[in-house]
Amino acid sequence: MHGKALPYLLLMPATLFLCIFFLYPFALVAFEAVTRDGAFTLDNFRSMAGSWKFPVTVRNTLLLAAIVVPIQLVMALLMASVVSRLETGRSAALYVFAIPLGISDLAAGLIWLAIFDQLGFLNTLLSSLGVVDKPIMFLGYQSKLTIFIAVALAEIWRATAIMMVILVAGMGLIPKEYYEAAEVFGASPWQRFLRITLPLLRPSLQTAIILRVILAFEVFAVVAALGGTNLPVLMGETYNWQFTLQDRNVAAASALLILAISIGFTLFFLRVLRVPKEARI
Amino acid sequence: MSAVSEAPAAATADARKAGDWLLIATAILLCVWVLLPIYLLIVNALSSPDEVTAFPKRFFPSFDFGSLSFFINFAGVARALWNSVLVATLTMVLAIGFGAPAGYALSRFDFPGKGTFRFLVLMTRAFPLPLLALPLAVMFIRTGLDDTAIGLALVHTTLALPFAVLITFSLFSGIPVELEEAAWTLGCTRWQAFRKVILPLALPGIAASAVFAFTISWNEVFAAAVLTIENRTLTAFLLQSLGESPLYLKFAGGAALVVPALIFIFAVRKYLFAMWGIANR
């Protein structure tokens, strides 16, 4: 076997696979979104946007991302800082913080259902403290705010780990000398964090934020487990168009909208948090 | 900003001690935040159906297996469990089978098109991949792959393949090429050198990324729910029965999803950070 052909031969299965199962369906979904019965049309987008649920759906999804992601960023930074400064129990703490990484979004929804359900642990706690005299219905159709809070908490609980892991890996790359130098000049831990960690962590921050924002627009099973249809989100509505309403062209349009929002935000964060080549470590 | 006072040594030591306590307290608090919700789900899963629907709840499990045995004997659950394992195993095999050769090629060769391939792999990150299950549903009906384990595994492989490529790339990069060259000079063919020298060194890491691929498939909800009807996986089954199933079935199902995930994450904990750190550079 010749050296020239070998790398291409090795790459071929993965490349072919990605072409068939990534690029092709992507083209297909774009095509289905702008056609109906073979003719070009924008009706699918009109049906999607014309649904009375659509504005609420978009608002819920964006609002959820806008609230959840910043909180997660702060918590992930906190977790990563704690881990990098711990001397004993470091690996145990890392493992515990990373656990939600392996937990399905559906399972996360069910976990928080155990807490927020009318017969759940939060009501038990509240009634044993005497705050309420009978269990409150947190997740009923009339309590949109508490559903929203429950979903936000479940999302924060579930997906902070993904950012934390990226940030821990990034912090490991920052040379220790910088911190030693800063300490010599009398910088406080807070100043060191602000002036050294944050700027040098920018590439990792960028990756973590992009990855997390994309996942935030994909929120689906957590909402399904906690809110049912009481808190419509984009991914859930896409699912509804496909199954309940049996209209895959509108479902494709809805999918394309999620893709467009995701790509838009990816480009935005790539630009805003751009790291010049010379500034990389 | 420059108000760094010259404090007496004792005060500094005190401050440092207080800082240590704060650090440990924060670490413990964050661990509780991660572990408590899982514990509460497990309490529910290990209680009898009557206890799960009772109020107020006990914060300790009664170790009654009523909920779990109801769950296991519920129509469709055993099959869904089997399907989940089957799909995840197929995903694991496909992702490593396609991904590892590509990772090896990226680590050992310089060739035109390398950058394009890396870009293709990284691009998959910017897309909510489960959405691509929508157009594939039609393609699968045409090709007879609809509602089969292999069809779903192919979609899950799109999710797992980029990780497999990037992780094996970094694994192989970490093994000095000199080892391979030494084997060649001793008369090994390229394949023999790979099999006898490189593979044994890379095997633990490859196993870890295989477990990772398994977990990705095990946890995936949206594509599973879109692509399976009769042969539902556990996540699809739980999602579609959310509306009608009793609480104790949901919690037992949630526990069935979570416990294997905990074991997987524990099994690969050593590689977790290397994997995520590298995979997101």
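Every residue, even glycine, has its Cβ placed from backbone N, Cα and C.
Annotated transmembrane segment per TrEMBL: B:21-42, B:88-107, B:119-141, B:153-177, B:197-218, B:247-268, in sequence order. Summarising the annotation, TrEMBL assigns domain 'ABC transmembrane type-1' to B:81-268.
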Remote residues contacting the transmembrane segment (B:197-218) - C-beta distance under 8 A, at least 6 residues beyond either end:
84, 87-89, 91-92, 95-96, 99-100, 153, 156-157, 159-160, 163-164, 167-168, 171-172, 175, 179-180, 182-183, 188, 235, 257, 260-261, 264-265, 267-268, 270-271, 275
Any residues 6+ beyond the ends of the transmembrane segment (B:119-141) with a Cβ under 8 Å from its own?
147-148, 151, 155, 158-159, 161-162, 165-166, 220-223, 226-227
Tell me, please, if the transmembrane segment (B:247-268) and the transmembrane segment (B:21-42) are in contact, taking contact as 3+ Cβ pairs under 8 Å between residues separated by 6 or more positions?
yes
Taking a Cβ cut-off under 8 Å, which residues six or more beyond the ends of the transmembrane segment (B:153-177) line up next to it in the same chain?
86-88, 90-92, 94-96, 98-100, 102-104, 106-108, 121-122, 124-125, 129-130, 132-133, 136, 145, 198, 201-202, 205-206, 208-209, 212-213, 216-217, 220, 223, 227, 274-275, 278-279
